[in-house]
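J.: Checked Swiss-Prot, it gives:
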- 1-21: topological domain 'Cytoplasmic' (TOPO_DOM)
- 43-96: topological domain 'Lumenal' (TOPO_DOM)
- 118-122: topological domain 'Cytoplasmic' (TOPO_DOM)
- 144-152: topological domain 'Lumenal' (TOPO_DOM)
- 174-249: topological domain 'Cytoplasmic' (TOPO_DOM)
- 22-42: transmembrane segment (TRANSMEM)
- 97-117: transmembrane segment (TRANSMEM)
- 123-143: transmembrane segment (TRANSMEM)
- 153-173: transmembrane segment (TRANSMEM)
Amino acid sequence: MAQAVEEWYRQMPIITRSYLTAAVVTTVGCTLEIISPYHLYLNPKLVVQHYEIWRLVTNFLYFRKMDLDFLFHMFFLARYCKLLEENSFRGRTADFFYMLLFGATVLTSIVLIGGMIPYISETFARILFLSNSLTFMMVYVWSKHNPFIHMSFLGLFTFTAAYLPWVLLGFSILVGSSTWVDLLGMIAGHVYYFLEDVYPRMTGRRPLKTPSFIKALFADDNVVVAQPPNAGIGAGARFGAMGLDPQAQ
């Protein structure tokens, strides 16, 4: 069993493995009280006035307390992050890293700007960690790249992956969870998808070209891979307990 887990971990692509490791180490550290979540959460005042710049990164690494929900989130993160890196971004590790960096920047900007707008500032002030939103962004982008994969929810109904973000949003509403986390992820995902996939087809220009200094960090082969019709099979569950599974077409 341990050998199988080790092999599974070693076979992960570099960005997925690094992000998953950082998230697990951070959350375990907080659980063991080695690190305090109060030193990790997003606080604009502390970032600007006290130069606690690390908060811009650490708020994407903490997934709250260690419990069954945490394990589901780690599975969810590992699955969709890996699917994107191995399929849509195969041979383009630098581009995938830039996607995550862009998404994190958009999410942080939304929270900072929203915190300055009357009537909704209190709502944004309660958003301390954006880790789940970044994961939801990955799901949104994956669903846009694989819109025709058939999925089922609890065996009650089937739908195509294009509607996966909306199904997950509906589930959050159903169980009484805050929808802001999901909505922010959808917004960031759509902004990226539009600028990276839609806008270039409309104008022939690509505004999100990965900077050369980021490309220099990764030894990528310039490979463009067409999406197979069953890309992502076995990748559909937000949480295994939800019964949200893809079906072969």
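Using the three backbone atoms N, Cα and C, a Cβ is placed for every residue, glycine included.
Walk me through the surroundings of each of these features.
T.: Along the topological domain 'Cytoplasmic' (1-21), the predicted structure has mean pLDDT 88.
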J.: Would you mind listing the long-range same-chain contacts of the transmembrane segment (123-143), meaning Cβ under 8 Å and 6+ residues beyond its ends?
T.: 23, 40-43, 59-64, 73, 76-77, 80-81, 83-84, 88, 99-100, 103-104, 107-108, 110-111, 114-115, 117, 161-165, 168, 180-182, 184-186, 188-190, 192-193, 232, 235, 238
J.: With DSSP as the reference, give the number of residues of the topological domain 'Lumenal' (43-96) in helix, strand and coil.
T.: 35 helix, 0 strand, 19 coil
J.: Within the topological domain 'Cytoplasmic' (118-122), count helix residues (DSSP H, G, I), strand residues (E, B) and coil residues, in that order.
T.: 2 helix, 0 strand, 3 coil
J.: Near the topological domain 'Cytoplasmic' (1-21), which residues from the same chain, at least 6 beyond its ends, have a CB less than 8 A from one of its CBs?
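T.: Sequence-remote neighbours of the topological domain 'Cytoplasmic' (1-21) are 74, 77-78, 81-82, 85-86, 93, 96-97, 100, 218.
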